[in-house]
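Down below is the structure, laid out as structure tokens.
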Amino acid sequence: MKVPAPYAWNSDFATTYENIDSEHRTLFNGLFALAEFNTLTQLNAAIEVFTLHFHDEQGQMIRSNYVNTKEHTDIHNGFMDVMRGWRSPVPQQDLLAGMAWLANHIPTEDFKYKGKL
């Protein structure tokens, strides 16, 4: 999926799960704020919201016996490894890659669990 401009969640990213969609909005906002201000505080805040969201989403997958939980968790862990490697100020190319990752992850990976959680 194309990276939205301005960088914000929109209905193209709707998973049909209100709590997950709300958290996805927070992820978009976190990366947008990091791109705008690029401070250590914003970097830590972005890492925190991604960590919390991935924990919540993976918990919902486990409770629903979602068949692809491990594969999905591995994808999350890979991105968290990337984010935790970022240093403030985060280079523009890393920010753009992170923004693209999220914009692509939701429709390619998260949409696989629609109707299954």
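Every residue, even glycine, has its Cβ placed from backbone N, Cα and C.
The shown structure was predicted, so the numbers you read here are calculated from the model rather than taken from an experiment.
As written in Swiss-Prot, here are the features:
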- His24, His53, Glu57, Asp110: Fe cation 1 binding site (BINDING)
- Glu57, His72, His76, His105, Asp110: Fe cation 2 binding site (BINDING)
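Structural mapping of features recorded in Swiss-Prot.
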residue: His24; record: Fe cation 1 binding site; DSSP class: helix
residue: His53; record: Fe cation 1 binding site; DSSP class: helix
residue: His72; record: Fe cation 2 binding site; DSSP class: helix
residue: His105; record: Fe cation 2 binding site; DSSP class: helix
residue: Asp110; record: Fe cation 1 binding site; DSSP class: helix
Between His105 (Fe cation 2 binding site) and His24 (Fe cation 1 binding site), the C-alpha gap once rounded to whole angstrom: 11
Rounded to the nearest Å - Cα separation of His24 (Fe cation 1 binding site) and His72 (Fe cation 2 binding site): 16
